[in-house]
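K.L.:
What TrEMBL records for 9-16, 56-60, 119-122 is GTP 1 binding site. Marked as GTP 2 binding site by TrEMBL: 182-189, 229-233, 294-297. The domain 'EngA-type G' annotation in TrEMBL covers 3-167, 176-352.
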Amino acid sequence: MANLVAIVGRPNVGKSTLFNRLTQSRQAIVSDEAGTTRDRQYGKCEWNGREFSVVDTGGWVVNSDDIFEEEIRKQVLIATEEADLVLFLVDVNNGVTDLDMDVAKILRRTKLPVILVANKADDNAQRYYAAEFYKLGLGDPYCVSAISGGGTGDLLDAVVAKLPEGNGELLEDGIPRFAVVGRPNAGKSSIINAFIGEDRNIVTEIAGTTRDSIYTRYDKFGFDFYLVDTAGIRRKNKVTGDLEFYSVMRSIRAIENSDVCILMIDATRGIEAQDMNIFQIIQKNNKSLVVVVNKWDLVEDKTQKVIDTFTTAIRNRMAPFTDFPIVFASALTKQRIFKVLETAKDVYLSRKLRIGTTKLNEVMLPLIEAYPPPSIKGKYIKIKYCSQLPNTQIPSFVFYANLPQYIKEPYRRFLENKIRENWTLTGSPINIFIRQK
Ligand code: GDP
Ligand code: GDP
């Protein structure tokens, strides 16, 4: 089970800089327009063979200079509810501020491991000032310079040492795990109630060891799957229930632990930035996708034209990944509720698809021959054969070529499209690797 690390602290202490360093994403946040990637929210970090997710709690506010102190407190509280470890960042040049004291007070109450990090310790003189932060009551700070990377190795050693080991939930192999995700009020609780509501005893709770279990088993009507719990299904936090930050934090764990994500979109609102944020977490984790346009009962004009408009709009927003099913449903009237489950099941099967090497080459080689990779610098590029890799998380294909470095993205996409045209991989991401033969 993946671990989640949250970075908290006042604005301008360097949260986003540290986030970028840990996740090694250099993409600046250029725009907060609806739908643009705000990559500073969520990323992956690997250190000494341990992988964990990192969330920058400051990544959710558009202008962090104007953020209210109350808002920061809320975010810290949410972080302590959802994360496995908290990095509390302070600015070594500023000394201890009142807000630092407030945040420390919240953090001293949690049972989570908290690591105090004194940032902007760019040289030794500044390290000397760091001692002052001891009075926050969270131990000695780790001095780092997020901007240059100084001290981050020691910090990461400490993070990995304090992360809990996997919590060993006993799940049966080969049973799909579905997560219902989406922004607040999209209808997640309603659709889950529509699946399991009237007959709660078809659902088995799985004992978790370290925190409340997030899995329930559903076994009825020819379906057998684990439902991975997400925002507000069990405990809808009254204060924070509708905050985007809260819902995204709650989605992360569900997405990471699922095979297929059922992304709920509210038909009355269309696809918005919040939906895209969740979609990006799904993509970053290579999960399969079913999009549900919920509240379809509220759409009066259910003509094919309207359906097509919805479909096109959704696929355009999620491009280049467009090969996923969209189901128009209503959790309220239960229209197409089972279609949602059926589709999720199909998508799960796509994810597990195995294509034999002979068949794969029989189909792909003539297509490649008819449309070979463009030659570069007078050199012919030849793909000799291909195969699907065994035991991968998602379908992964290797194409063996004489000069793999000259096969570029457009051709890779061509190969992916041809595979998708010839086999059913709907909803599943796939990998294409080009290797030297
Ligand atoms: P956030 O609001 O907490 O996310 O802070 P940012 O990461 O946006 O950083 C605020 C400012 O501090 C930016 O101008 C950064 O370049 C600067 N900064 C971040 N880390 C360091 C550091 O280690 N040393 C120095 N000197 N400046 C830093
Ligand atoms: P969540 O925050 O994603 O769990 O959303 P809820 O399931 O709590 O639903 C939010 C609101 O939308 C509630 O008032 C629901 O009754 C309503 N709702 C959910 N699904 C539907 C639907 O298919 N049709 C209509 N008309 N209302 C719905």
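Glycine is no exception: its Cβ is also placed from the backbone N, Cα and C atoms.
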K.L.:
Which residue, out of the binding-site residues Asn12, Thr57, Asn185, shows the minimum number of other Cβ atoms inside 10 Å of its Cβ in this structure?
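P.N.:
The binding-site residues Asn12, Thr57, Asn185 were compared, and Asn12 has the fewest Cβ atoms within 10 Å.
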K.L.:
Compare the C-alpha of Thr57 (GTP 1 binding site) with the C-alpha of each of the binding-site residues Gly182, Asn185, Lys188, Trp296, and give the closest one.
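P.N.:
With Cα distances computed to Thr57 (GTP 1 binding site), the winner among Gly182, Asn185, Lys188, Trp296 is Gly182.
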K.L.:
What's the number of neighbouring CB atoms sitting within 10 A of the CB on Trp296 (GTP 2 binding site)?
P.N.:
21
K.L.:
Report, in whole Å, the straight Cα-to-Cα distance of Asn12 (GTP 1 binding site) from Trp296 (GTP 2 binding site).
P.N.:
43
K.L.:
Within the chain of Gly9 (GTP 1 binding site), which residues six or more apart in sequence place their C-beta under 8 angstroms from its C-beta?
P.N.:
Lys15, Gly58, Phe88, Leu89, Val90, Asp100, Val103
K.L.:
How many other Cβ atoms sit within 10 Å of the Cβ of Ala121 (GTP 1 binding site)?
P.N.:
25
K.L.:
Applying a 10 Å Cβ distance cut-off over all chains shown, what neighbour count does Lys188 (GTP 2 binding site) have?
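P.N.:
A 10 Å sphere around the Cβ of Lys188 (GTP 2 binding site) contains 28 other Cβ atoms.
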K.L.:
Measure the Cβ-based neighbour count of Gly182 (GTP 2 binding site), defined as the other Cβ atoms within 10 Å of its Cβ.
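P.N.:
Within a 10 Å radius of the Cβ of Gly182 (GTP 2 binding site) lie 26 other Cβ atoms.
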K.L.:
What whole-number Å value do you get for the CA-CA distance of Asn185 (GTP 2 binding site) and Asn12 (GTP 1 binding site)?
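P.N.:
Between the Cα atoms of Asn185 (GTP 2 binding site) and Asn12 (GTP 1 binding site), the distance comes to 32 Å.
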K.L.:
Which binding-site residues, if any, among Lys15, Thr57, Gly182, Asn185, Lys188 have a Cβ under 6 Å from ligand 1, given in order along the chain?
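P.N.:
Result: Lys15.
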K.L.:
Write down the Cα-Cα distance for Gly182 (GTP 2 binding site) and Asn12 (GTP 1 binding site), rounded and given in Å.
P.N.:
30
K.L.:
Rounded to the nearest angstrom, how far is the Cα of Lys188 (GTP 2 binding site) from the Cα of Ala121 (GTP 1 binding site)?
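P.N.:
Ala121 (GTP 1 binding site) and Lys188 (GTP 2 binding site) have their Cα atoms 45 Å apart.
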K.L.:
Quick test of your reading of the structure: among the binding-site residues Gly9, Thr57, Lys188, whose CB sits under 6 A from ligand 2?
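P.N.:
Cβ < 6 Å from ligand 2, in sequence order: Lys188.
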K.L.:
Measure the Cβ-based neighbour count of Lys15 (GTP 1 binding site), defined as the other Cβ atoms within 10 Å of its Cβ.
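P.N.:
Counting Cβ neighbours of Lys15 (GTP 1 binding site) within 10 Å gives 25.
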